[in-house]
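The structure appears right after this line, and notes come after that.
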Amino acid sequence: MSVRVVARIRPLLKQELEKDTIVEAATTASEPLATPSIVRIPNPKNEAEAFSFQFNSVYDQVATQQQVYDNEIAPTVKHLFKGFDVTIFAYGVTGTGKTHTMRGGKLLAERGVIPRLLSSIYRRSRKIEKDSDGDTTVDVAMSYYEIYNDRVFDLFEAPEKRTPAGLPIRDNNGKTVVVGLTERPCTSLKDFETLYDQANVNRSTSATKLNAHSSRSHAVLCVKVTQVTGNEVRVSTASAIDLAGSEDNRRTDNGKERMVESASINKSLFVLAQCVEAISKKQNRIPYRESKMTRILSLGQNNGLTVMILNLAPVRSYHLDTLSSLNFANRTKKIEVNEVENRPFFRTAPKPESRIGIPSIPLANRQPLRPKALSHNVVPSREQAEKDKIEKPVKAFSVYSDKPKTATISRPGHLSGQGHPRTAEAQKRTSSEAVPTINRPSKVLKPTVPAKPETMSQQSIEALIERKVAEKLAEQALSSTKATLASAGTEISPDVQARLIALERRVIDQESARAEGLQYLLMAKQHTVRGEEVSALKMYQLALPYFPDNQKLAQKMLKLQEKITRKEESRRPKSSSGGVPLLEDEDYVPDTHDNYSADESVFTKPSARNTRPPIRRNLSVFRDEATTAPPQRQTNNDSDSEDELAHSLMHAGPDQTPRSKHILRIINSRDVAQIRLLKGVGAKKAEMIVNALCEMDDEVRHVGELGRLKGVGSKGVERMREGLIAMV
Ligand SMILES: Nc1ncnc2c1ncn2[C@@H]1O[C@H](COP(=O)(O)OP(=O)(O)OP(=O)(O)O)[C@@H](O)[C@H]1O
């Protein structure tokens, strides 16, 4: 079944004018009486021509919250209770109404998808319990987190208690889970609303030029529904994701902090677009791992039902961004999601007390990320698994079809009068407040045992520091300091604590700086893809201090500079008199020669002299008036070299010595027999390394990364290198 994609056009805001409206909902010519399923928008190059994008449904400016919920989300609830996971996510440019759609306002009619979904879940739970005469019980629990600057933070945790590096994520039996996340049971809608409102106070938001309450993070709410009948337990999860919106920073006037956030948001959305493109092209490698958001969303890899709500602004100022979103959505609707429900499992022993995300299955059973996962998130009993293997028919599941609807779907407004009005307006915390400061000790490093001076030698202190840092970097030992120290029977002095903290800060600083550099680089890449060379060059200049010795980057900048100069020269009027003065930045020139490719989620801005051949569009985007030539697409050779550069910077890290390369080759072979021959690595450690690699589902690309692997540490890497010298 494909991802269901529905578009919603928000109403005009106070400062927007009716005459600037360019986006409209329409019906297909063959079914003029059906509900709209087409978004129509003019071609930016030729206003007489319009592009049409077809989706499962389209909601116009007057659509209510209730209509969107009743038509799109309410039908998924029964599948949730049958064991299917449900993923709902809102996608769109900043200020297009994602948070409004997902969360909504306080008034009953203004409530968004999330509170309405919870309301339906509770109602259905009560009905199931009642109909089964109490044989079945349903428990609802929620976890809620945000992905801010590519770090995961628990929204139930106050910002000052957060670990600067955020929570680690892991692959657990084919699913991506956040380790150490709080899961709160909520027995009623009121409970839920109280928790949800409290948690939203912790979400990073701030005012930008484009949205007074702009979300600076992706927010992920997971609602776990557990149905227990006797020994049988069925668990399914509804995930509601309010993505942060992409931003065109020429329009935001963002300052440095907002720019960094914005770069991180844009990067993750860019990776998402790349994932969607890779999936639609059936490529083997889907770059999920290049951002936490894509890893968590795992679009096309998740099971169950997925609904994407594409939020659109109706006005001209969003023209290119809207086209870009429409192109993205157009590809997303073709992604197939596995129709696999979570099987029930049977309780044989009391549930172990665990935090979510801690894997409950042996390592050997873990599934690495891959384009399509057919695995389940629970451990079925052996008999049940055998039985299912034989008996389970393929589920004929056809809630949605890609065809346009033939009649208006109207469902009773079952929410009227059901909600509990919220009591307090959730206070949004600004993102500045959300930035985790590095001045406080992280959870891992908090003193947990009374200090006891003496006992440790300088060497063992060093070793302990290395171990702690490795654990920290590997983000594997969250909150486990107490246990680790207790089991080691070792106590550390305040002096060691202080050094640990200093070391951790240093590492975090280095990592943050590198991440910031990469963000500039990605922004440069985005600009280049759009043909905005001057802005791209500026971004490369900003990235340069982070990668001062990188030859490729320097060459790239040189080439770009030359290209800009050539362009400027070609634009300069031939005669010295008259002519239009050149603007400082070509990106701000209103260019009537913009090339737009409807098959691309980006726009290229080639020079006016572009003579490259047109490439025909091949998507289900059609024009109402085929009076003009099809839009041209610039064959963007730059984009390839961009990819190469980005890849080399993202993965190369510091220059590799022959010894490092040799070690990495051995490690990446994932061959326990070879790895155990490295100095300081026994059979157990070798196995641990291989498991960590399988869990990562990727290669280790430099020794820094290797040092971060569980159980290796930088000392471990040094030992391996020493071993190689000895061999030589
Ligand atoms: N359907 C709608 N009806 C009324 N107002 C709306 C609607 N959609 C959006 N708005 C208004 O538009 C503004 C921007 O909406 P919102 O904050 O939800 O955007 P967003 O896409 O979440 O932006 P960001 O990505 O920056 O967080 C808000 O003032 C919101 O109330």
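Quick reminder: no glycine exception, Cβ is built from N, Cα and C everywhere.
Per TrEMBL, domain 'Kinesin motor' is recorded for 2-335. Positions annotated as ATP binding site by TrEMBL: GLY92, VAL93, THR94, GLY95, THR96, GLY97, LYS98, THR99. The region 'Disordered' annotation in TrEMBL covers 401-456, 564-645. Per TrEMBL, the feature compositional bias 'Basic and acidic residues' maps to 422-431. For 629-638, the entry in TrEMBL reads compositional bias 'Polar residues'.
Spatially close to LYS98 (ATP binding site) yet at least six residues away along the chain are ALA90, TYR91, GLY92, SER215, ASP242, LEU243, GLY245, ILE309, ASN311, judged by Cβ distances under 8 angstroms. In the structure as shown, the Cβ atom of THR96 (ATP binding site) sits within 10 Å of 27 other Cβ atoms.
Summarising model confidence by region, the domain 'Kinesin motor' (2-335) averages a pLDDT of 87. In this structure, LYS98 (ATP binding site) is part of a helix by DSSP.
Every protein chain considered, the tally of other Cβ atoms within 10 Å of the Cβ of VAL93 (ATP binding site) stands at 24.
When the binding-site residues GLY92, GLY95, GLY97 are scored by other C-beta atoms within 10 Å, GLY92 scores highest.
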